[in-house]
2 protein chains.
Amino acid sequence: MKTVNVDLGDRSYPIHIGANLIRRPELLAGFVPGKQVCVVTNETVQPLYLDSCVRSLQAAELEVISIILPDGEAYKNLETLNLIFDGLLNARFNRSCTLVALGGGVVGDMTGFAAASYQRGVHFIQLPTTLLSMVDSSVGGKTGVNHALGKNMIGAFYQPRAVIADIGVLSTLPSRELSAGVAEVIKYGLICDREFFEWLESNMERVMAGDVAALAYCVERSCADKSRVVAQDEREGGVRAILNLGHTFGHAIETAQGYGNWLHGEAVGVGMLMAVDLSCRMGLVPHSLLERTKFLVEKARLPHESPAGMTNESFISLMAVDKKVLNGQLRLVLLRSLGEAFVTSDVDPHLLNQTLDAFRSG
Amino acid sequence: MKTVNVDLGDRSYPIHIGANLIRRPELLAGFVPGKQVCVVTNETVQPLYLDSCVRSLQAAELEVISIILPDGEAYKNLETLNLIFDGLLNARFNRSCTLVALGGGVVGDMTGFAAASYQRGVHFIQLPTTLLSMVDSSVGGKTGVNHALGKNMIGAFYQPRAVIADIGVLSTLPSRELSAGVAEVIKYGLICDREFFEWLESNMERVMAGDVAALAYCVERSCADKSRVVAQDEREGGVRAILNLGHTFGHAIETAQGYGNWLHGEAVGVGMLMAVDLSCRMGLVPHSLLERTKFLVEKARLPHESPAGMTNESFISLMAVDKKVLNGQLRLVLLRSLGEAFVTSDVDPHLLNQTLDAFRSG
């Protein structure tokens, strides 16, 4: 088992990475301070891992309930969040209870926000079951739900007590979701870890074949990269924004398509290519970096053009509600070189349109 | 103008108390860091004070929108909260915006929770328009909404940048709401300020007659008392719970009657009498303290018995979902003497039943 520590002062927590961790009662229960535990999962993960998880917690003599949410980004809203509160209140769970998120990013984000809000804050543990949630949403404490007018617009910064990333569970992950996770992995290489980017260029086949050691390394390295950035800027006042490389484009795709039709990682994959493309057009990075990124994105079996029918106008209008927008000005994350990202509002609309043209479908 | 500082490290903030503060643009705008301000109010307060407030903010060249919520505790829920998010997103407000709560406790709690959650946290200012919200919800950062199964079960600890308590607005407050505010004022005397309790015994007529100086003194002293307690225990791990004297009984009344039929302060007034009565029966305080408290409660024209038809069983069952319940055990705030409260789970059910009997209606 490897451990990455997320260093946030009195809100620091460990990420444990290894195989079969979900079946280790002492590991899970060690992070539960009280007696009541509620495992929140979704209807897809439930038949696969809920029993193992509940049994591990019951073995530690805890009172365990579970709440099964419908699966998918389309349900990441206040209404579904209320199902968690219903379950907790019906079971009379008190403010010393612990919520465990057993699932992907949607389950993690909603359970985390429920933990932040239930009785104004209870304990929280993450058991991510997708590669995306292991490398992204497990680190940094962003929790929340979507609003019809924008993604992740309602939420809280709320840190878990621990993240337990059981690499074994990735064996049941649909290959489309594995690809979506790899998109964020490639992103870490681009924004802050050139060596990791180069490792991915040599090892992408192993990763895509589900090699446990290669996946564990991806999770460990990605979490270490992300936690280094988050430790500098917990509440996203500055440098943390570089983690959003490709996300402004990606969120526009997700909003345009309706949540859940494109996976978050798929949208980020294309968005990341767009950001690299724009960085090229602005003369910041060489064209070869765009080619290398495209090579990785294709090996990861990710889409590499915009959804059919999506116009430049719809992109630009949807990008205007991004959380990075400041005083009406669009801000984007771009690259200065491989491994070095920055945030800028100095974007030439002409070049932006060229980039959007270049990725238009068909 | 008087100022009470709430001392919470880097989350400290001032409470300014005085007449006609709402009409002072430099005072309001001085706490707005960005350019976008959203004033949240309700349909009762709107015709009285919204224009003055908006004009003050516009005079400082800010972009101002307003959101009018339906009035009343019955609307303090996730659905109404979403109206605030709708308004902010429709106006494309970004994460450097400021929310101003112009209203009583319900508006303040909902606006505060909206500010805590919108884009994971934006700025927040309170302009309380009721005595209750000036002396209670303005201090301490408790925000949130109700759930059908319990009051204030969903929320956040989130501090405003400032509270501006304009005593002038109390001239339009219905007398029933003035009484409700006085219930919390009496509570401060009971739990931590004997001298203030005695001042109230001599000055209750002036307070109830709406004397501006007497009301300003009540607000200043109550805020100072509360902020002293909150500064010791921001997240209610310990001593802060004494602020809930009478609230466990009171919440049971509010839940049983349906939110909004009894005002919060009215329920707390009876609940506070019950807590003093139980403290008497347990031999902690002399009977004369119960008589003195009843005297103040009656002068404040507050109810002094339970709602008609409410049984001991329904009290006890509703009290079991209180946030102070720990590992299934009811905990109550009681008095050790005038000016000294404590939390205990050592409550004799027989004496508790006697107390509930003593306040039964009719």
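Heads up, the Cβ atoms here are built off N, Cα and C, so glycines get one too.
Among A:His247, A:His287, the residue that TrEMBL places alongside A:Glu184, A:His264 at the Zn(2+) binding site is A:His247.
Around the Cβ of A:His264 (Zn(2+) binding site), a 10 Å sphere holds 27 further Cβ atoms from the protein chains shown.
In the three-state DSSP reading, A:Val107 (NAD(+) binding site) counts as helix. Fewest other C-beta atoms within 10 angstroms, among the binding-site residues A:Asp109, A:Glu184, are seen around A:Asp109.
DSSP assigns A:Asp71 (NAD(+) binding site) to coil in the three-state reduction, placing it in neither a helix nor a strand. Helix first, then strand, then coil: DSSP counts for the domain '3-dehydroquinate synthase C-terminal' (A:181-325) stand at 104 helix, 2 strand, 39 coil.
Other residues of the chain with a Cβ within 8 Å of the Cβ centroid of A:Glu184, A:His247, A:His264, the Zn(2+) site, are A:Leu132, A:Asp136, A:Ala183, A:Lys187, A:Gly246, A:Gly250, A:Gly265, A:Ala267, A:Val268, A:Gly271.
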